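Pulled from TrEMBL:
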type	residues	note
TRANSMEM	B:35-54	transmembrane segment
TRANSMEM	B:60-81	transmembrane segment
TRANSMEM	B:111-134	transmembrane segment
TRANSMEM	B:141-159	transmembrane segment
TRANSMEM	B:179-200	transmembrane segment
TRANSMEM	B:231-254	transmembrane segment
TRANSMEM	B:260-278	transmembrane segment
TRANSMEM	B:285-304	transmembrane segment
TRANSMEM	B:310-329	transmembrane segment
Amino acid sequence: MTTTDTAIDTVLTAENITKSFGGVHALKGASITMRRGEVTALIGDNGAGKSTLVRCLSGIHKPDSGTITLDGAVVQIDSPLAAKHHGIETVQQNLALVEDLTVWQNFFVGREITKGVGPFQMLDRKAMRDKASTLLSGLAVNVPPVTSRVRRLSGGQRQAVAIARAAGWGSSIVIMDEPTAALGVQETARVEAVIRRLQDSGVAVLLISHNFDQVLRLAQHVWVMRGGLAVAQRRTSETTGDELVALITGAQAV
Amino acid sequence: MNTMTAQPVAAPPVPRKVAASLSEAKHLSFWAENAAPVGLIVLVVVFSVLSPTFLTVGNITAMLVAAAILVVLAVAQSFVITTGGIDLSISATMTIGAVGLGLAYQAGLPFWPSAIIAILASTVIGVINGLLIAKGKVTDFIATLGTLGVATGAALILTDGKPIAVTSTELLRLTTGKLGFVPYPFVLAAIVGAVAWFVMFRTRYGLHVQAVGGSEEAAVANGVKAPRVRIAVYVWAAALAGLASLLLVARIGAAEPAINTNYLLNSIAAVVLGGVSLTGGRAKIVGPILGALLLTALSNGLTLLAVSQFYQPLAVGLVVVLAALLTRFQKR
Ligand SMILES: Nc1ncnc2c1ncn2[C@@H]1O[C@H](COP(=O)(O)OP(=O)(O)OP(=O)(O)O)[C@@H](O)[C@H]1O
Ligand SMILES: [Mg+2]
């Protein structure tokens, strides 16, 4: 694999991203790349900085320094809307659901379907309910009605809602921060099927997971984070769970 | 916990819905969700038994006129509270509107331009509230407490503490006109209520208000511009207070630099009675309107029964505390 090959394949590059919260240096110059049409995994111990990096890529945090390149062009992702405009959808680790709102409202809040013109625009509630219902039925085993409030849903149902929301917009990059953390066996299998389906349709997926079997099963490439840095990368075809553990803990250097 | 039954997966058809709400009546949560309509019916029944004049057309008209201002303020307060905020300056903002109307009219402007000045004067307070809270990150409670003081003081300074008589024919028509037996002030309040309901439950902006109140972090992560939503909610509340100031001046016949604290407390009380949680996220418009009607009926009934004025704040206070206790049993 030559460098030119990689350059052509790369859909996203994050370079030397730093981010501090007061005295906590969550990211100390992390760099990762994602290749088109691949599932890229991001692994690392708790507090390694995975979610912080994800939040920088999805416009929630503004990095203190560093550059993000999409399709060869440097971009500023300074708001969640900007990320969405660049075709990046994210399932946040905390799911980013508003518990007081219904499932369909959560699907569409921030980019509602409306009818009417100018100041007389009103929500097209039926269109949104129908679309949310369609997107969700492909995913959840125990599909909650889209008119129920998220507060009433089980942890797994909530996760399904957040994943269906992120997967449903025809974006070019989908980031999932521990998408199967609270899921049962069947639901996990469904989410993995969703990830494969996204990949088949040409979407680049960034998967954060603590489950090495899952990472080796789904991803083609894996980045290892430790202490706010991406310290190693491997093709999953050329590594093992044991090696990944060693890289995460630092027992094996790069 | 045998009251915690499993939720049916699909929405039940209508007859089962009715049956369900009947069986729900056994639970406290039913009373908590419906405190305002239930309380209003109880009050109407009690007062019409105790006083023959209570349900006469004349008295109903009087009550509707009296309720109009509070309905408008309660709708405004409901929007603010849905975002998890509170507007303590709402009655002082209304006073500023009244003073603006009085001064403009005194300066020789016709009624309608004066009315627009009144609404604009109030809106200024809302802009200040919104900027302080959304941009300055000042707690809503403190920011609006501050503007409450500023607006009250400004009203006194601008008028030298004296009421300004406003005797325009338009204002007179607003006070005395009727649509059927419904007086114009209440027609206006009802229109405000209907528009507010539509905005809250049928528009993008209303959904954003609920989202920001439910979880600002999640709303922002989904692309909602929370600061904008917050500023707008205080601006709209103030504009509505300005509208209410027209009704206030129409009612009194003069622009008074009075403090109107009662309206502030009652606007919050109406929202609480309407079943809106002060933590935000769950919007209601009809509830607060019914709450405002309830509070008006309460003070009207007590007056008819010749209960001393001194007992009225006591009665309002008890009703509100009871409603607040009940809301603890609301289903979330
Ligand atoms: N908003 C914040 N304010 C302060 N500190 C933060 C904030 N977000 C993250 N941190 C800190 O940054 C570091 C990295 O956190 P991050 O959530 O990115 O870890 P992670 O790799 O996702 O861990 P996990 O596997 O537990 O999800 C931690 O030390 C955390 O305490
Ligand atoms: Mg994390």
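Using N, Cα and C of the backbone, Cβ positions are placed for all residues, glycine too.
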For the transmembrane segment (B:310-329), could you work out the same-chain residues 6 or more beyond its ends whose Cβ comes under 8 Å from its Cβ atoms?
27-29, 31-32, 35-36, 39, 265-266, 269, 272-273, 275, 277, 291, 294-295, 298-299, 302-303
In the same chain, residues at least 6 away from the ends of the transmembrane segment (B:35-54) whose Cβ sits under 8 Å of its Cβ atoms read 273-275, 287-288, 290-291, 293-294, 297-298, 300-301, 304-305, 319, 323, 326-327
What same-chain residues lie close to the transmembrane segment (B:179-200): Cβ under 8 Å, and 6 or more beyond its ends?
57, 60-61, 64-65, 67-69, 71-72, 75, 78-79, 82, 173, 206, 209-210, 240, 243, 247, 250-251, 283, 285-286, 289
